[in-house]
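Input: a single structure, listed below in C-alpha cells.
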C-alpha cells in the first residue's frame, strides 16, 4: 500500500504524519474536515508507524501503544490488590511452614490463596512480568514519541499553512494598516517582553516560549524506568539484606554476611508511668514501653575476618543510640530497634574457694559460661574443669546433661586436688546460681560425688563478681543498596512533573496576507491564560478585542 | 525507512529480554532464603574441634552428609552412633560426614565426642552463621550433598542406621 504523503507545499512526509512537517497543513483527517487540529506530538508520525511492518515492528508497535500501557497498568494494579487480601509471606520474620500457616489461619480460602501463590504476590513471576512489560512500554512509548516530537519542534517553519492557523484553538483575524513588515517589526518587542522567543519572516512570525515543558512527561518516564529497574533488581545478591539479630548487652557480635560487628553497650527500656497512661489502661497493670534504646557501637573488621581460628581485628567506626525510628546508619547498613528481651543472661562469675574448716579464702577466679579456662590454681588447691552443663538436668539414665545451650541453670563439674584430698582428686559440682544450688541440691550431689562439700566450697562473695547481660536487644539489620536509585528515580519523576505542571509550551503564529493578519495560538494547557496573553498583546498592537472572541470554539457542543 | 532505526529497535528489545528475563528468572528460581533440594549448599568457614578451619570448598568432589546437632538435643545424641558407624564404613570411599554443632563451646563438644567415641569431623558454629545460612529450625537436620555439590535430600529429625545407610547409598550412586 502506497499512501501519498507529499504535502502541497512540496514536503515529503513520513507515513502516519497528521500535520505536514513543514507547513502544518492537515494531511490526515480522522474526524472529518474543519474541526480543530490534532496537535499531539505536533502532528508528527510516531516512529513505529510504518507502511510495511515486520514482526519486530509489530512487537514495537504493541509496546508503543498507550492503550496497551493503560491495560498493563490496570492489570498490575489488580494484581497488586490480590497481594493485599492476606498478609504476605515476606512480612513474617520466621515462617517456617507458610503452607500450614495460611491453611490454619485463614481456612480453605487461605489455602487456595497460598496454592495460587498470592501469598507472595510481589515476587511472583507474573507480577514481575507485568512490571517488565510496563517498563518496556515506558521505554518504547517514550522513544516512539519523543524523537519525532523533538524533530518537529526543533525545525519549525515560521510561515505555516493558512488552514493550520485558522484551525488552532485560538484564532484571530483582522485587517491592519501599513506594510506587513512594519507590523511584524512592531509586534516583536511586545512578544519578547512576554518572554517569547520570536522568529520572523517578512510577512510571518513565530513566537514560542517554555518549550522545555514538553519534555516533562518523558522526564517522568525516565524517572519511572530508573525506579522500576531499581525495584526489579533490588533482590540481586549483595544489594539487599534484611536480618533480625539478637545482641546481648555487653557483647560484640558479628553481623551476618558483612564485615561489620556490633556491640550493644547498654540497653534501656523506660515504661510509661501509671499517670501517663490513658485512662482506659490505668489500673489494668499494662506496661507500655515509652522508650527503648540500644547504645550501639559499630565495628568494622580490618583483618582475619573470615578465619574463625583467629580473633578478628576490629576498628570502631560508629557510635549511635538506636531508638525506634532512629536507626544506626553506616554506609547503607541500617540497624533498627526491633524488640528486646529483659531476661538476664549469665556471662561469668568470680567465685572464691573457701576452706570450710579453717575459713580460709583462696583466689577469686573468673569462670566464663562460654569457653571457660580449663584449670585453676587456688592456694594449695588445683581445680580442673571436667565438664559443664549450661541448663542442668539429670537425664533418663540419671546422668547430668543439659536441656539447652543457654545458661539458664549452669553447672560446673570440677576435679579438685590438694592437701587432704585423694591423689586422683575429688569431684565437685558447682552451681553459680543460688536458686539452682537449692533446686538441684548441690550439697547432696557433692556428697554422692565424694563428700567434698564438707571441706571446701565455691562461693561468690559480692554481686560485683557476677557478670551478666542484663538484657538482649533485637535489631533489624538492613541494607538496601537499590534504595538510592529508587529515590533518584522518584526525584527525576518529580522534576518531570514540575516541568509539565508549572510551565506551558505556548506558541503564536502570525501571517499577514494582503493587509489581513491571521493569528493562531497554541498552548499545552491553561488556554485562558493564553487568550489573555494574546489579547493583551493585541491591545498593545492597537487592536482591542474581547478575550473570549479568540476562542475558536469549533469543537464545542 | 531510515537505516539506523532497526539496530536501535533490536538493541532495545534485546536489553528488555535480557533484563526482564533475569528479573523473572530470579523471581522463579532464586528467591527462597533456605537452601532446597537441588541447590548448592551455602558455603561456610567454621572452626573444627581439631583446631583447624573447615570450609565447604575443602570437601569439593566428595559426597557429604552435613549434620546439624547439639549435645542438649536428644534425637541428635541418639543418632550419633549411626553417623559414627556410617562414617567408619564410608570414610575411605569418598564420603564425608561433617557434624556442625549449633552454638556450643569447644569444651562441651569435646567432652561429648570423647565420651561417645565420635571421630568424624565436628565443627563449631559459635555465631550460628551456618544455622542461619542453612535455614535450620529444628535439630537435628541433615543435608545430603552429592559429589557434584548439589543437595540431594534434606532430613529433619532423627536418622536411624538404615535410613542413613540408604541415603548414603543413593548419594554415591553414579
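Keep in mind that glycine also has a Cβ here, set from the backbone N, Cα and C atoms.
Quantities reported herein were computed from a predicted structural model and do not represent experimental measurements.
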(message) Of the residue ranges A:161-179, A:180-198, A:199-217, A:218-236, which one carries the transmembrane segment annotation in TrEMBL?
(response) A:218-236
(request) Match it up for me: which of A:485-504, A:505-524, A:525-544 does TrEMBL list as transmembrane segment? (result) A:485-504
(message) Suppose you had to name the range TrEMBL annotates as transmembrane segment; which of A:33-55, A:102-124, A:125-147, A:240-262 would you pick?
(response) A:125-147
(request) Using a Cβ cut-off of under 8 Å, list the residues of the same chain at least 6 residues beyond the transmembrane segment (A:485-504) that approach it. (result) 210, 212-213, 215-231, 523-526, 529-530
